[in-house]
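Trainee: Here's the feature list from TrEMBL:
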- 4-182: domain '3-hydroxyacyl-CoA dehydrogenase NAD binding' (DOMAIN)
- SER47, LYS54, SER117: CoA binding site (BINDING)
- HIS138: site 'Important for catalytic activity' (SITE)
- 185-281: domain '3-hydroxyacyl-CoA dehydrogenase C-terminal' (DOMAIN)
Amino acid sequence: MTQLGVVGGGTMGAGIAEIAIRAGDDVLVLERDQAAADAARARIEKSINRAVSKSKISADDAEQALARLTLTTSVSNFADRELVIEALPEIEALKVGFFAELDKITAPTAILATNTSSIPIIRIAKDVADPSRVVGVHFFNPVPVMPLVEIISSLASSPEAIETVTAYARDHLGKKTIQAGDRGGFVVNALLIPYLVDAIRMYESGYASKEDIDTGMVNGCGHPMGPLTLSDTVGLDVVLDVAESLYDEFRQPHYAPPPLLRRMVEAGYLGKKSGKGFYDYSS
Ligand code: 3HC
C-alpha cells in the first residue's frame, strides 16, 4: 500500500485517485474548499459505481476502495505522503507554488510527481530544494481506461525516483509506461495536439463540417473518436493550454492555437465537462 497524495480532484486527479484506491492505496486528495472536495468525491464515486454496474469490480471491493479515500482541504495533511501526484490546471505559477509548499511539508524521501500535460518538469521543480525528487507522470483521459503513463525525467530527476514511479505505474497500477524527455508535450501531446488544432483549423475555415471531420478519422483511420469529439473529451481549455505550451517551447506555427479554440474557451465552452464544446452534452 502506498500513502498517495493527489493534488486536485478534477477529471485527471479523480481518475488517478480512483485507480489508486482500486489498487489498494491509501489516497488523500487535496481540494481548494469543501464544495470542490465534495464534487471530487462524487466524481470518484460515480466512476466506481459505473465500474460496478459494468461488473469490472464487485460492490464489496468498491466499498473497500472508497474506504481508502480521504478528501482534505489542508495541504498540511500531506506530511505523511510517500508519493504525491499533482493534477492542477496547467498554470505554471500555480504548480511551482504548490511544489514549493509540498517541499516544506513532505518528508525529503517523498517523491513529488506532476501530471502536467506539457510544462517542462524542471520548471515546476524550480523552488524545490532537492529537484532530484521531482518527476513527471502523465496519465491519459479517461484514466481508468487508457493504459498509458508517460514517465518524464527532468535533467535533475534521480534515477531512483524514476525507477520508483515507473514501478508504481507499471507494476502496481497495471499501466503501460514509456519514458519521455523533458520537452514541452513529451511524446504523446507533441504528436496529438498539432493534429487536434489542425482539425479545429479545418473546421474553422469552413472546409469541412465537424461531423465529417470526425467521421473521416473514425472510419478512415480507425481512431476510437474523431479529433473534435476528442478535443471535447480532453477539455478545450486543456487543448489550448497544451498548444500554448508547445508554441512557447518550439515557436512553430502548427502548434499555435487557432482563434476559434481561444473564443470557445473564453465563452466557457470547454467540452464534455461544461456541457458544451464542438457538440452539445447538456442532456
Ligand atoms: N471512465 C471509466 N470507464 C470508461 C470511461 C470513463 N470516463 N469512458 C468509457 N469507459 C469504458 C466503458 O465503460 C467501456 O468499458 P467496457 O468496454 O468494458 O464496457 C469502454 O470504456 C468503452 O466505452 P464506451 O463503449 O462507452 O465508448 P467507446 O467505445 O467510445 O470508448 C473511450 C470510450 C475509451 C473513451 C474511447 O472512445 C477512446 O479510447 N477514445 C480516445 C481517448 C483518448 O485518446 N484519450 C487520450 C486523450 S489525450 C490525454 O488525455 C492527454 C492530455 O494531457 C491532453
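Cβ from N, Cα, C; glycine included.
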Trainee: For a quick check of packing: other C-beta atoms within 10 Å of the C-beta of SER117 (CoA binding site), how many?
Mentor: 29
Trainee: Under 8 Å between C-beta atoms and at least six apart in sequence, can you list the same-chain neighbours of SER47 (CoA binding site), or say none if there are none?
Mentor: ALA14, GLY15, GLU18, PRO144
Trainee: Using DSSP, how many residues of the domain '3-hydroxyacyl-CoA dehydrogenase C-terminal' (185-281) fall into helix, strand and coil, respectively?
Mentor: 66 helix, 3 strand, 28 coil
Trainee: Out of LYS54, HIS138, which of the recorded positions has the smallest number of neighbouring Cβ atoms within 10 Å?
Mentor: LYS54
Trainee: What whole-number Å value do you get for the CA-CA distance of HIS138 (site 'Important for catalytic activity') and LYS54 (CoA binding site)?
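Mentor: Each residue's Cα considered, HIS138 (site 'Important for catalytic activity') and LYS54 (CoA binding site) end up 26 Å apart.
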Trainee: Kindly state the mean pLDDT of the domain '3-hydroxyacyl-CoA dehydrogenase C-terminal' (185-281) in the predicted structure.
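Mentor: PLDDT averaged over the stretch: 97.
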Trainee: What does DSSP say about HIS138 (site 'Important for catalytic activity'): helix, strand or coil?
Mentor: strand
